[in-house]
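For 33-55, 67-86, 106-125, 132-155, 167-187, 257-281, 301-323, 344-363, 369-389, 401-420, the entry in TrEMBL reads transmembrane segment.
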Amino acid sequence: MDFSGISPLLNVLPQSHRIISWSLKMYVVESKGGAIVCMLLALLFLGTWPAVLTLLERRGRLPQHTYLDYSITNLLAAVIIALTFGEIGKGTPTAPNFFTQLSQDNWPSVLFAMAGGVVLSIGNLSTQYSLALVGLSVTEVITSSIIVVIGTTMNYFLDDKINRADILFPGVGCFLIAVCLGSFVHASNTADNKEKLKSLSTEATGFSMDKETLTNDVRESDVENGSGSAEKARAGTAGFLIELENRRSIKVFGKSTIIGLAIAFFAGICFSLFSPAFNLATNDQWHTLKKGVPHLSVYTAFFYFSVSCFVVGIILNIIFLYHPILNLPKSSLKAYLSDWNGRGWAFLAGFLCGFGNGLQFIGGEAAGYAAADAVQALPLVSTFWGILIFGEYRRSSRKTYILLVSMLFMFVVAVGLLMASSGHRK
């Protein structure tokens, strides 16, 4: 495709006003404004896909089946980006197109990209289980805050300090406060739910809060009367919590919240490494490429990144089909292939995550990967979906609401500071 007729028109604009460069070499985001647009879209996409996975888990679909479907479209998103944006325009020796780079001797950068995909896949897989154990909002708060505290600091130094440190690091501090508040929110909400269940237990049995007794009592007294279905139970009530437990695939009653929080922290550490690895893949700060070999474009790096993410996700979930964790039932490849219940939603989650990650990297290449970590304010989006769709925090205590609002406020401040710290890569 020849865009030479368009390039002169765009070149008369100051660089700060250009959102995209349509030059002959490649489709590239160059301005701070264009980078922020990419970050905001990534924020929406990356905050929505975990809600889709949560929806399927709460409907009873096995997480192994969901993740296998998700992995397919997550890779497909990277292929689409590479074959479109990565091939627009005529390649140059310093900025070759996607297919040209596939045959070049750039394996050190490719390995960095693939390492980033490996840790992202492990983090996403861990997140899927943490979402069930500690909830959508708290999982996203913990993982996102760890990403910013560790990953953003690493990216700041890898990017040769192009971001304003006096703005960036106060934003990192706000994220750190948010993760502490997120833990407090979860503890408070867990205590609220225990009080609700205790109240139901006293009314139904008069003496115990045994998990099995509670489940049976709600089944017999509510479901048979038509008032206990998941759709009719009022969000935030004890009956709603019991019905959710009966239907969902990952049972959470009786499981220690420490396990869920530990999984969330582990996922956060994995996530904190994928962006610095991708940064190294596209900018070669450690000078691992041979002289004269061009850096990987963001599109080529994202392709390799997504391939490794796909391979790891497929291998681990096939293992989990036959050797499940958290007392999930065993499954098989045959059962997976025949399970079309919710498959479309799982495909959608993969596309959202794939395009969200791609937009984050495109914005990071333009304005610095430290600033692009502003997309880790995705708990703002996830919490919205959690409250709107899943009834999280309904009928909770005043203490829980105060902590929740404080947590979200810190995220708003943090994302504003990180975006304000954006620089311009030379």
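Glycine too: its Cβ is placed from the backbone N, Cα and C atoms.
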Problem set entry | Residues of the parent chain within Cβ reach of the transmembrane segment (106-125), under 8 Å, 6 or more residues beyond its termini | 67, 143, 267-268, 270-271, 273-278, 280-282, 284, 288-289, 293-296, 301-302, 304-310, 312-313, 316-317, 353, 357
Exercise. What stretch of 67-86, 132-155, 167-187, 401-420 shows the most Cβ pairs under 8 Å to the transmembrane segment (344-363)?
Worked result: 67-86
Problem set entry | Contact between the transmembrane segment (132-155) and the transmembrane segment (167-187) (3 or more Cβ pairs under 8 Å, separation 6+) | yes
Exercise. Which of 167-187, 301-323, 369-389 has the most Cβ pairs closer than 8 Å to the transmembrane segment (401-420)?
Worked result: 167-187
Problem set entry | For the transmembrane segment (301-323), distant same-chain residues with Cβ under 8 A (at least six beyond the ends) | 64, 67-68, 70-72, 74-75, 77-79, 81-82, 86, 98, 109-110, 113-118, 120-122, 124-125, 274, 278, 281-282, 330-333, 335-336, 354, 357-358, 361
Exercise. Which bits of the chain, at least 6 residues beyond where the transmembrane segment (33-55) starts or stops, bring a Cβ under 8 A of a Cβ in it?
Worked result: 16-20, 63, 66-67, 70, 127-128, 131-132, 136, 139-140, 345-346, 348-350, 352-353, 355-357, 359-360, 362-364, 366-367, 371-372, 374-375, 377-382, 384-386, 389-390, 415, 419, 422
